[in-house]
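Listed in TrEMBL for this protein:
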type     : residues                       : note
ACT_SITE : Cys464                         : active site, nucleophile
BINDING  : Gln290, Tyr317, Glu340, Asp388 : S-adenosyl-L-methionine binding site
DOMAIN   : 298-390                        : domain 'Methyltransferase small'
Amino acid sequence: MLPCHFTPRPITPFITCQLSTSSVRTPSPSQSTPLPPPLLSLAAKSTPDSVSSPGCSLQCTHFQSCSGCTHEFDLHRPVIVEEATQFFNDLGVLDFTFDSCKLWGWRCRAKLAVRGSSTSPMIGLYQEGTHNVVDIPDCKAHHPNINAAVELLKRGITEFDVEPYDEDQGTGDLRYVQIILMQLAVTTYSTSLPSPERYKNGKIQIALVWNSRNETSQNSDKLNALANFLWKNGGVRSNTHLVHSVWANFQTSTNNVIFGNRWRHLLGERDFWEHVGGIDICLTPSSFGQANTQAFDSLLRKLQKYVPYGASVADLYAGAGVIGLSLAATRKCRSVKCVEVNKESKLSFEKTVERLPDRVNSSISWHHADTSKEPLTWIMGSDVVVVDPPRKGLDASLANMLRDISSFKRKVKSLSKSPHLMDDKKDEKRPWVLRAREETVQIGSTTDLEPNQSLPQTLIYISCGWESFKEDCKMLLSNKAWHLEKAHGFNFFPGTQSIEVLAIFKRGQGVPQKKKKVVKKKKKRL
Ligand SMILES: C[S@@+](CC[C@H](N)C(=O)[O-])C[C@H]1O[C@@H](n2cnc3c(N)ncnc32)[C@H](O)[C@@H]1O
């Protein structure tokens, strides 16, 4: 076990170190994937270190050539944590915490470009500022099973003479591959397995982005041959049993968009299950999923504590509704309303709901809608609103509405029949409202819910974009309708300067946190 050195700093968040990599194995078919850096198993609340600890360094051969990681040392404590601590201190939150999470092998989702030739394929990320792909077979951020899947794929490409995509010419077959680690196989469904075990034995979903319109295009025989190879050598009957399923996505556009609209399930099980936040969630290859599922799980567990039992929750930027559904299950919510602009997430939501424990008795709905359009109608009647926007932060209309929330009391009365949610407005013409109604999924009865015109008292902001968060935060606080009560950071992307922030805002001005008094013990006289 390597030591992690800690020395105090003037402003110090609590840092929780969980540096264990013991749970990660290397089941590469050829056994050539190296082990991640040595084991550190600390579980401590501690002040951070100020020296570069060798035990917390990346030790990756691809560092500097690959654009994935920007920082090599002190993975457990990105430099930005210092700034975040100061930022929250200035806003009166003196007990900002930072959970350092898993430092290597944390990435459970990878979208990698496939370039080079069939005899010498390269699978990796672009070099910073270029379209040159860097091969990253030994990536230390990837879960080892992702690296093993990449290696298997390379073998298949060579064996079946699959031409990687050539961006300049627009030729070749295989453009990208998306590889996702799943920690819960449907066939061996058992949430009683400890989480590290599930993580260690995670299976892989491979989605091949094929340079053709559909599965009947020219060269589809090669696609099938490659998929069969992956299944034969990595699937359920192989020695390694690494691969859960193989999918194809068809994309012929010359722009930078990775995926086309057409997806095909080729081999293995169709449904892909994950266990986070106390529930099983189903993810399709096209729906949003967090790259660092273990860190996301820690965040969800923390978030749940800020939601009162029986609360009504609006989950905005909801994806497949993971946050809302996790709250429905663990906080016995009265109602949960999820709002998401990507229609593809609907199916995942529906499947996840099917596996919710029987005891969940909430009224749950999922709406295919843009939360920036008439945002007030989405949060009305909720006690808690959760926002988890993309990196660019909140849509301006939503941020403005939240900032001015105190002035909306009267408007709420007139809006109490939400145009998004009510069916009795037959003359509704606005296309986005009609679309939202069409795609709405409602689970559980709404009749027991008395019309509720209240506005939320708690705002929970989950951010993956530190710069946009700072702006949104200042904006939200500027009208004094909210105060910041708590803030926590999570090391979602070790090796980079990005952190995930969980911030809890409450209505009103709040009481400033007091600095903890240092109680000096009197020396006993001998
Ligand atoms: C960071 S992801 C969070 C997803 C989800 N909360 C989760 O953890 O799985 C942001 C989500 O917001 C969605 N989104 C982006 N802009 C939106 C908008 N204006 N209205 C509704 N959803 C939006 C994206 O499609 C994406 O699914």
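Each residue, glycine too, has its Cβ placed from N, Cα and C.
Structure with TrEMBL features highlighted.
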residue: Gln290; record: S-adenosyl-L-methionine binding site; Cβ within 10 Å: 22
residue: Tyr317; record: S-adenosyl-L-methionine binding site; Cβ within 10 Å: 21
residue: Glu340; record: S-adenosyl-L-methionine binding site; Cβ within 10 Å: 26
residue: Asp388; record: S-adenosyl-L-methionine binding site; Cβ within 10 Å: 22
residue: Cys464; record: active site, nucleophile; Cβ within 10 Å: 20
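Taking the centre of the Cβ atoms of Gln290, Tyr317, Glu340, Asp388 as the S-adenosyl-L-methionine site, the nearby residues of that chain (Cβ within 8 Å, site residues left out) are Phe288, Asp315, Ala318, Gly319, Val322, Ile323, Pro389, Ile462. Averaged across the domain 'Methyltransferase small' (298-390), pLDDT for the predicted model comes to 95. The CA atom of Glu340 (S-adenosyl-L-methionine binding site) is located 17 Å away from the CA atom of the residue listed as 'active site, nucleophile'. Counting in whole angstrom, the residue listed as 'active site, nucleophile' lies 8 from Asp388 (S-adenosyl-L-methionine binding site) by their C-alpha atoms. Secondary structure from DSSP puts Glu340 (S-adenosyl-L-methionine binding site) in a beta strand.
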